[in-house]
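Undergrad: Take a look at the following structure, please.
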Amino acid sequence: MAVAIEAPFHVLAVDDSLPDRKLIERLLKTSSFQVTTVDSGSKALEFLGLHDHEDSPISTQSDQQEVGVNLIITDYCMPGMTGYDLLKKIKESSYLRDIPVVIMSSDNIPSRINRCLEEGADEFFLKPVRLSDMSKLKPHILKSRCKEHYQQEQHLQSNSESNNSSNPTSENSSSSTSTNSHKRKAVDEEILPHTIRPRHS
């Protein structure tokens with residue numbers, strides 16, 4: 001009997017520095033993650049199907065499912081769009097906001113770290129990123145999946161209740177038909193004893 005093998009989690013790594021990008025890619029693959037790397041925030045948004053100047057997706061729902069990114073890890077200091085700007089774009093998007101985002105930076109600046117965490121970042125790693133940091137990623141992915149599963153269940157339940165409440169006429173109709181049938185039967189039973197009389201020989 002064949003055993004189903006679970007697909008590895010897919011991480012999108014964003015960093016304008018080639019050496020840093022190669023390092024994070026190697027660490028992620030060593031930790032059994034599927035990895036896609038890009039060198040800018042705008043390319044990350046393009047890969048995710050989002051304009052870098054709009055909140056609306058440019059891809060269809062099936063395209064989004066094919067991308068299937070489970071987590072985004074991005075450098076903070078990048079030319080053009082910073083990691084913080086990318087984080088804000090993701091959290092402002094209705095269909096990307098639940099993807100966990102991890103920020104990386106060489107600078108240990110508390111105000112920067114707090115700002116990213118307040119904006120919705122799940123972790124803030126100081127560079128150089130270590131292999132031990134990779135173990136912190138999976139819990140965020142699993143938490144996001146549980147949340148997504150719960151939201152899907154709530155959506156299905158809401159649709160089911162909506163469908164049930166939109167069809168009361170059919171139930172009332174059948175109930176009314178049944179009531180009328182009982183009334184006719186009762187009337188017939190009252191009439192029968194008076195109309196059928198015994199014959200005298």
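Cβ atoms are placed via backbone N, Cα and C, with glycine included.
The annotation domain 'Response regulatory' is assigned in Swiss-Prot to 10-142. Annotation source Swiss-Prot lists 4-aspartylphosphate at Asp75. If you look up Swiss-Prot, you'll see 149-201 marked as region 'Disordered'. Annotated compositional bias 'Low complexity' per Swiss-Prot: 158-180, in sequence order.
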Undergrad: Taking DSSP states H, G and I as helix and E and B as strand, how many residues of the domain 'Response regulatory' (10-142) are helix, strand and coil?
TA: 60 helix, 26 strand, 47 coil
Undergrad: Name the residues of the same chain, 6+ apart in sequence, whose Cβ is under 8 Å from the Cβ of Asp75 (4-aspartylphosphate)?
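TA: Asp75 (4-aspartylphosphate) has long-range Cβ partners Val14, Asp15, Asp16, Ser17, Asp20, Gly83, Ile103, Met104, Ser105.
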